[in-house]
Structure formats: C-alpha cells, structure tokens
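Some features that TrEMBL has for this protein:
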DOMAIN    14-494  domain 'Major facilitator superfamily (MFS) profile'
TRANSMEM  49-67  transmembrane segment
TRANSMEM  79-101  transmembrane segment
TRANSMEM  107-126  transmembrane segment
TRANSMEM  165-186  transmembrane segment
TRANSMEM  198-217  transmembrane segment
TRANSMEM  229-248  transmembrane segment
TRANSMEM  269-292  transmembrane segment
TRANSMEM  304-326  transmembrane segment
TRANSMEM  333-352  transmembrane segment
TRANSMEM  358-378  transmembrane segment
TRANSMEM  399-416  transmembrane segment
TRANSMEM  472-490  transmembrane segment
Amino acid sequence: MGNMMHAKSRVNGVVAGLLLGILMASMDNTIVATAMGTIVADLGGLQHFIWVTSAYMIASVAGMPIFGKLSDMYGRKAFYITGLTLFILGSILCGFSQSMVELSISRAIQGLGGGALMPIAFTIIFDIFPPEKRGKMSALFGAVFGLSSVCGPLLGAFITDYFDWRWIFFINLPLGILSFFFIWRFYHESLERTRQKIDWLGAGLLVTSIVSLMFALELGGKEIAWNSPMIYGLFAAFAILLGFFLYVESRVPQPIISLKLFKIRLFAASQGIGFLYGSVFVVATVFIPLFVQAVFGGSATNSGLILMPMMLGVVAGSQTSGRLVMFASYRRIMMGSGALLLTGILLLGTLSVDTSRWFVTLFMVITGMGMGMSFPLLSMSSIEGLDIRQRGAANSAVAFFRMIGMTLGITIFGTIQNHLMMNDLGQVLTRIQGVDGEISPQALLQPEVRQHIPPQVLEQMSQAFADSIATVFQWSLIPISLAIVLIFLMGKRRLVVQKPASKEAVTKAPEPVGGEG
C-alpha cells in the first residue's frame, strides 16, 4: 500500500510539473500580444516590433523536431529541463531588455525553450500513463491550453495597467521554477544509455529550411514586398534545403524525422489534419476578436473575454474526445470534430453588422468544440502503434505541423482579408463626399477614435470590415474540407488498451535505445 501511495504521489508531482510548464509556455504569447503597445511606447523601435513575436515562433518551430528526437535518444527529463531552463533564461533577459532588438533576441531564446516544452510534456504523459488513461490526461492538458488563451490577455492587460510591462516576463519565473522542481524531484528515468549518433546534418538542414520559410512568411507583405528578390530567395532556399533534408533523412540510420513514419496511414493523416486545423484555428482566434471590436466596439484589452466562448468550447471538446477515445475509433471521433468545425466556420462565414452578439457567441462555441476535440486525438493517433523510441519525434511532429499550418494560415488569410478590406474601404470613402480619404480601418478598433467618426461612415466602414472577415471564413472552408478528406483516410484504428506495467515502472520513462527513429 505504501509503495502504491508513493508511486501515485510521484505521478501527481510529474503531472503538476508538466501542467505548470504548459501553462507558462502557452500563456506567454497571449500576454505579450496584449502588452505590445506599452512595450513599443517604452522601448521604441516600432519598425522592429513584429520580431518580438516572429523570433519566438521561428525558434520554437525550428526546435520542436530536434528536441523531440533528442528526447527519444537520450531521455525526456534532460531535454524538458533544458527547455525549461532556456525559457526561464529567455524570460529574465526579456524583462531586462533595453531595446526592441534585445527583446527580440531574448524572445528567440524563449521560443527555443518553448519548442521543447510542449511536445515533450505530452510525450511524458504518454510514457507514464497506460493507454486507457491517456485520453483523460491529454484532455486535461488541452483544457489548460484553452484556459491559458483566455487568461493570458486578461493577465497581460492587468499587469501592464497596474505594474510594469517587464513583469509579464518575470511572472514566468515562479511557474518555471516550480515546474523545474516537480520534474527534477518526481520524474525518474532509467539511467541506462546507449551510444548513438546525432544526425547533425539533417538537424542543420531542417533548421535552416524552416527558418528560411518562417522569415519569408513573417517579412513578406509587411517589411518587404512579396515580389521582392529577397522573399523569392527565401522561398527558394526553403525548397532547396528541404529537398536536401529529405534526401539526407532517407539515408541516415538515426534521422531527425523518420520518413518511414509517413508510410503509416494513421500517422500521415494525423499530421496533415493537424496542419490544416492549425491554419483554421489561427484564423478564428485572430479575426473573431477583430470582428467583435470593429462591429460592436470595445478595446483590445478584453480580447480574452471576446474569445472566452470559443475557448470554453475548446475545453469541452478536449474533455469529450479524451473520454470517447476509449469507445470509438480515431476516425469516428475526428468525423464529429470535422462536422462541428465545418458547421462553426460555415456560420462564421455569414457574419455581418446585423449579426447579434449572441449568435457570434454560439458560432464560437461550435467552432471551439470542433477544434478542441482534435487536440488530444491527434497527439494520441500520431503515436498509436509506434515503438516507445519514436514517440518523442512523432509527438513533436504534431506540434510542428500545427505551428507551420498556423503560420501559413495567418499569412495567407491575413493577406486576403487585408486586400478585401482595403478595396471595400476605398470604395466606401470614395462614395461619401467630404470624408478624409486617409481614415484608417484601425480607427474601428480604437474606441476613443471610433466615437468621432460620422455615423454613416462608421456604419459603412464596419460593413466593409465585417464583409472582409466573413469572406476569409468562407475561404477557410477549403482547408477544413481537405481535413475532412484526410479524416476518412485515417482508417479504423482505435486506442489499443494494454495490460498495465508493474507499479514501479509507472513513473519511469522508457529506456532510450538505438534504432530507427
């Protein structure tokens, strides 16, 4: 009995440490976004502010598959703690930054740590819990992610209003230190190691190819024109480096991302669905708050409250699918997810200035439930049937492709929305005589400016803004439809429940050994 209680306390300690780490990492970006105006006002460097977010994303995406593979080779604990250390160090440096350039570099360090935390945390959960409990635990972690998306903007607004913006970074220290303590104290791995060769060439090619792509997407249409030689060069570099990466990975004994995994139908379909879902999720989280602010009024600081119905839907969806996985196949549950997401986005595609706030709330809940159901399911389906030595790389792949999808989604759909809005706005201002043609659509998002816009101009500007966002949601039906096709290709596989291992092995990670990764 004593050993059982001790084992349970160790498991609880590990879960607490992982939850704190995920809460810290997932909440950080939303906090920073809310405080960005205050940061720019203090540090200056408006022309560089985009890199505060971009540097984090580029480093995070580049690090995910590398850390996932290293955790397979040398153990989860060391690289989860490495990620925590980098994140905490980056947070400290962010808090002491004296310029936008310093802050961007520090955010890159943070992002590198974040790229290790999220995928390795889920892999540890799959290591220490038997299959029948993974759904509930994945749903719990998905709920933390959803709630952090709501609390982050509110906490960011509170800190910047009543304290100093630097505390949005310093607040990570107690969370990170607690997570560090729990994992260091309660998570025990096998001390056995085998000599393995790291695929440094593949890692280098992957990082440089992804960095080239991310730079092109982050700079294109913002700081540099899409048709500039630099953007073309970055896309070309991405394609060439990716080609070399795939060539190398097909020939080395220990690849960073084993191409053999993509021969498994369930794994390959899960990555494609994650990529497509990511592109839609970011559209909803970015454009719904903009629609609400532009049409109903309000400030950016309550963006967390605006998205709360959708995030509650995400939590409900995560909890539901985490329990259903014991009774149905991955494909059947994901069909429910796809149906809800398709319905939600279809409804969001009907948005106009006449849509009531209650209907917007309902549309958000449906969309959130559809998206939330995918979070635990795709992580679980990606590792189904895989050897224990492949879980880290497989789990990192899910997060990696979802992040790439989000980046591409906001770039493509953001460009579409901006083009439609500026065209419609130009026509509106041309039709109305005596109106300053330089009125910016940003005025709709600023309550103090909005109240000075003539009513007829405000109404037509709001309509143009709403129409552009509704059209973007209609365009986003394309990736959802493609995702539904991939859902049908997942096959009939379901969670395989195995007999539990010995009790003392419950809190031990797998012994890292060699073999195909």
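Just so you know, glycine gets a Cβ as well, placed from its N, Cα and C.
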(request) With Cβ distances under 8 Å as the criterion, find the stretch in 79-101, 198-217, 269-292, 399-416, 472-490 that has the most pairs with the transmembrane segment (49-67). (result) 198-217
(message) Using a threshold of three or more Cβ pairs below 8 Å, and leaving out pairs closer than 6 in sequence, do the transmembrane segment (198-217) and the transmembrane segment (399-416) count as in contact?
(response) yes
(message) Quick test of the contact rule: Cβ under 8 Å, at least six residues beyond the ends. What residues does that give for the transmembrane segment (229-248)?
(response) 199, 201-202, 205-206, 208-210, 212-213, 215-216, 219-220, 255, 259
(request) Could you give the residue numbers and ranges of same-chain residues that sit at least 6 residues beyond the transmembrane segment (358-378) on either side and whose C-beta is under 8 angstroms from one of its C-beta atoms? (result) 134-135, 138-139, 141-142, 145-146, 270, 273-274, 277, 280-281, 284, 288, 291-292, 307, 309-318, 320-322, 325, 330, 333-334, 336-345, 347-348, 351, 398, 402
(request) Take the domain 'Major facilitator superfamily (MFS) profile' (14-494) and average the pLDDT across it for me. (result) 84
(request) Select the range from 79-101, 107-126, 198-217, 304-326, 333-352 that forms the most Cβ-Cβ pairs under 8 Å with the transmembrane segment (165-186). (result) 79-101
